[in-house]
Amino acid sequence: MSSYANHQVLAGLTLGKSTDYRDTYDASLLQGVPRSLNRDPLGLKADNLPFHGTDIWTLYELSWLNAKGLPQVAVGHVELDYTSANLIESKSFKLYLNSFNQTRFNNWDEVRQTLERDLSTCAQGKVSVALYRLDELEGQPIGHFNGTCIDDQDITIDNYEFTTDYLENATSGEKVVEETLVSHLLKSNCLITHQPDWGSIQIQYRGRQIDREKLLRYLVSFRHHNEFHEQCVERIFNDLLRFCQPEKLSVYARYTRRGGLDINPWRSNSDFVPSTTRLVRQ
């Protein structure tokens, strides 16, 4: 269990509670979670973070009415900056988007501006929003993470409790390598409901070579770990930086969707550019 799982801030969330669905616009449905909840225990300070990055959200269930009452549908792309005070709690985001369903907007840009304003207010930070018509995305290929997949290892695992022990002495030799490693075995659980969160992760680094077996065991140890997606990515970045001490490091996870939303956080201390094409499980 995370050290802050019972924090009073989390007690006020709608997540894990029975809620009514509203179909007329209501910005108050959005709820933020302070990033400091998991950053403080990791020793990460807002004014001296070892990374940059964004939380990339894809909105698959977004609909509203135009000025004449005709329903509109779109796919939304949201990027929430790592410097924001809060992350956006996903169930509240879903409830908020549902409140657009029977609300009239004059045009698409009004919808985009409304989303950007409300999300920025909730996150207390920079947020960008783009809306796409369905025909703009039709035929878009399924993407994949570039890199070497480390999943096909003939190893025995019988412990699924989170630990950083596997990263102790996880680098070898003095030779500096630059490589990208990929795993599709990342599974953590919602901090509140403990529902499973399934993801693929890409780790790009420059430094002493990381032992792939130890890295895979470390990633598998998240299987019983309860944290939000964004928090897991920052924990992984921080642990790799601490134990493996790479010169450059980027960590990018793309999670499967729930409630019409997928969350894809990345953190980097280099010039990393994330691919935003959905993966096969998304």
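Glycine too: its Cβ is placed from the backbone N, Cα and C atoms.
According to Swiss-Prot:
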- Cys190: active site, thioimide intermediate (ACT_SITE)
- Asp197: active site, proton donor (ACT_SITE)
- Ile88, Glu89, Ser90, His229, Glu230: substrate binding site (BINDING)
- Ser90, Lys91, Arg258, Gly259: NADPH binding site (BINDING)
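What Swiss-Prot annotates, mapped onto the structure for a quick look.
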{"residue": "Ile88", "record": "substrate binding site", "contacts (Cβ under 8 Å, 6+ apart)": "Leu30, Gln31, Gly32, Val33, Asp55, Trp57, Leu80, Leu119, Cys122, Ala123"}
{"residue": "Asp197", "record": "active site, proton donor", "contacts (Cβ under 8 Å, 6+ apart)": "Lys187, Ser188, Asn189, Cys190, His229, Cys232, Tyr255, Thr256, Arg258"}
{"residue": "Glu230", "record": "substrate binding site", "contacts (Cβ under 8 Å, 6+ apart)": "Arg35, Asp55, Leu87, Ile263, Pro265"}
{"residue": "Gly259", "record": "NADPH binding site", "contacts (Cβ under 8 Å, 6+ apart)": "Glu61, Ser90, Lys91, Lys94"}
Excluding Ile88, Glu89, Ser90, His229, Glu230 themselves, the substrate site's Cβ centre has within 8 Å the residues Val33, Asp55, Leu87, Phe93, Phe228, Ile263
Whose Cβ lies within 8 Å of the mean position of the Cβ atoms of Ser90, Lys91, Arg258, Gly259, the NADPH site, other than those residues?
Phe93, Lys94, Gly260, Leu261
Should Cys190 (active site, thioimide intermediate) be counted as helix, strand, or coil on the basis of DSSP?
coil
Let me know how many other Cβ atoms fall within 10 Å of the Cβ of His229 (substrate binding site).
23
Using DSSP, would you call Arg258 (NADPH binding site) helix, strand or coil?
strand
